[in-house]
Amino acid sequence: MHANWKTWAHVTKLDPDKRLPEGAVEEIATSGTDALMLSGTLNVTQENLHELLDLVSSYGLPLVVEPASPDCAIFDGGIDYLFVPSVMNTNDVRWVVGKHYTWLHQASSVDWEMVVPEAYIVLNPNSAVGRVTGADCSLSTEDVAAFAQIADRYFRFPIVYIEYSGTYGDPAIVQAAAGAVEHAVLYYGGGIRSAEQAAEMGRYADTIVVGNAVYEEGIDVLRATVRAVH
Ligand SMILES: CC(C)=CCC/C(C)=C/CC/C(C)=C/CC/C(C)=C/COP(=O)(O)OP(=O)(O)O
Ligand SMILES: O=P(O)(O)OC[C@@H](O)CO
Ligand SMILES: [Mg+2]
């Protein structure tokens, strides 16, 4: 059975393009995080994705793959969900619906029970995801609230994701998104490296995501971010 993703407060994002030291996977998997998400914008392949899945799949934690391209939209390897992004704040339609069209044109089979669409609002122009998607990151709190409403109330995306990948964001922006979203689960990710930051964003977001800190800080930092939202 698939774990209920709507209840997760803390998700750890692992990048198939990065290496973890010996023993780190076990520490991460037993840190108390609610789920592992395998994702990255650049250099993710079916090969490094499956390699990482092999490393993490024996711990019983819910596993999500979040593809940045159709070739990484997989359903095997023991995963529970495929979270598929669309970027709200880009004028480049490929990242809203174009890649999705390509994906479904080619897909041999799709397990729709596993697919969870995500509405991304990308706010760090210097991140890989910001550069690749050409997102307009100079948004006011009102702009973000409007995009969050479009995603939630109009398109009915089940997830609205405030993405500052690589840098800690503006809590007032996340607060505005929280105020605008009625039904969707609100994700926040970007630059969380302490319990204080986890708690601050966790006040507004339903689910916080920790990525780079796993690679750049010790396991104690990850554990502290988990405790801050549980
Ligand atoms: C339709 C399918 C199957 C795929 C396309 C899905 C889309 C539109 C992706 C757009 C880009 C996006 C929102 C990717 C999500 C993953 C993500 C944001 C990873 C974090 O990326 P960075 O941290 O900026 O990049 P690196 O970690 O690779 O440097
Ligand atoms: O890597 P960081 O900066 O923690 O961001 C987490 C996640 O939102 C990236 O997609
Ligand atoms: Mg990253």
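Positions of Cβ are set from backbone N, Cα and C atoms, glycine also.
Secondary structure at TYR164 (sn-glycerol 1-phosphate binding site), taken from DSSP and collapsed to helix, strand or coil, is coil. Marked as sn-glycerol 1-phosphate binding site by TrEMBL: LYS13, TYR161, ILE162, GLU163, TYR164, SER165, GLY166, GLY191, GLY211, ASN212.
Neighbour list (ASP15 (Mg(2+) binding site), Cβ cut-off 8 Å, at least 6 residues apart, same chain): LEU38, SER39, GLY40, VAL44, GLY211, TYR215. Marked as Mg(2+) binding site by TrEMBL: ASP15, THR41.
There are 18 other Cβ atoms within 10 Å of the Cβ belonging to THR41 (Mg(2+) binding site).
Mapped onto three states, the DSSP output places ASP15 (Mg(2+) binding site) in coil. In the vicinity of ligand 1, defined as a Cβ distance under 6 Å, none of the binding-site residues LYS13, ILE162, TYR164 are placed. Candidate binding-site residues: LYS13, ASP15, THR41, TYR164, GLY166, GLY211. Those with a Cβ under 6 Å from ligand 2, in sequence order, are LYS13, GLY166, GLY211. Looking at THR41 (Mg(2+) binding site) and GLY166 (sn-glycerol 1-phosphate binding site), their Cα atoms lie 12 Å from each other.
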